[in-house]
Amino acid sequence: MQRGQLEFLWSLVVRPWPVFSCPNPSFLSQVQGALLIASSYHTGALGLVLGHPFDTVKVRLQTQTTYQGIIDCMVKTYRHESLLGFFKGMSFPIASIAVVNSVLFGVYSNTLLALTATSHQERWAQPPSYTHVFIAGCTGGFVQAYCLAPFDLIKVRLQNQMEPRARPGSPPPRYRGPVHCAVSICREDGPWGLFRGAWALTLRDTPTLGIYFVTYEWLCRQSTPDRQNPGAATVLVAGGFAGIASWAVATPLDVIKSRMQMGGLKHRVYRGVLDCMVSSARQEGLGVFFRGLTINSARAFPVNAVTFLTYEYLLSSWG
């Protein structure tokens, strides 16, 4: 990627939302940028805490063959690792969620603004086309994937550590925490090792987030009178179903992504996305690509309902 392209993508993230008429545009632009980061952090943190236990079960189902289903995985995890086992790997995502969500919603909003010249506050009165919403969502997904990749890799590695409750004399876990995990990966595979599975993550998130935002916009418009802002119930339902729709599309590549991230540990090192797909299908059948779909859907509704409600509420309150 050329330097000019990188500068353009970065501008999409950091460029503040425009202020069309105000006595001090520079100050208000800085405030809007700060509010975007703050709202993104609160939005993502709430969704993350709600969804992480489900995500741990999903990752284990996708990368291991020792479980008979969701309930079996949950029971065994609780029995051997206590309730804390469901929250393994959550610290890095909590610390990075402001950056990741700011990138996603910042790139989405600014790309939509560049395509339509319609601000966030005006978008319900002057709704953008679904094509523009899809392009903006895909752009946000593409940029977010590369910011998310190292954090997601560390999360998946820690979620797959299955050491039982600490007992005297028991062997220590492979990774003592997220920082130790990152250092160990860099030591073994070099800095680029942190981007293992990044291509699969990009293929998953780019079209999926386009569908995500289009579904949300369509459901809000269908349930709201013209030129009016959607109510809280509408936002909750639209956000929840947008999450389900996006995960229905994303799950096959999510399986591939998780397996590539575990390459060299519980799985062999794959030569690429296609090799992982062919090998997984040959050994376990086509059903392997839909592992975690049920729990993804169950997790997606409450997490994304809260995500959109928090995001819309904070921006409208501060906007």
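Glycine is treated like the rest: Cβ placed from N, Cα and C.
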Annotated transmembrane segment segment (source TrEMBL; candidates 86-109, 134-157): 86-109
Same-chain residue ranges lying at least 6 outside the transmembrane segment (231-250) that approach it to Cβ under 8 Å: 204-205, 207-209, 211-213, 215-216, 219-220, 223-224, 293, 296-297, 300-309, 312-313
Secondary structure tally of the repeat 'Solcar' (128-222) (DSSP, helix then strand then coil): 72 helix, 0 strand, 23 coil
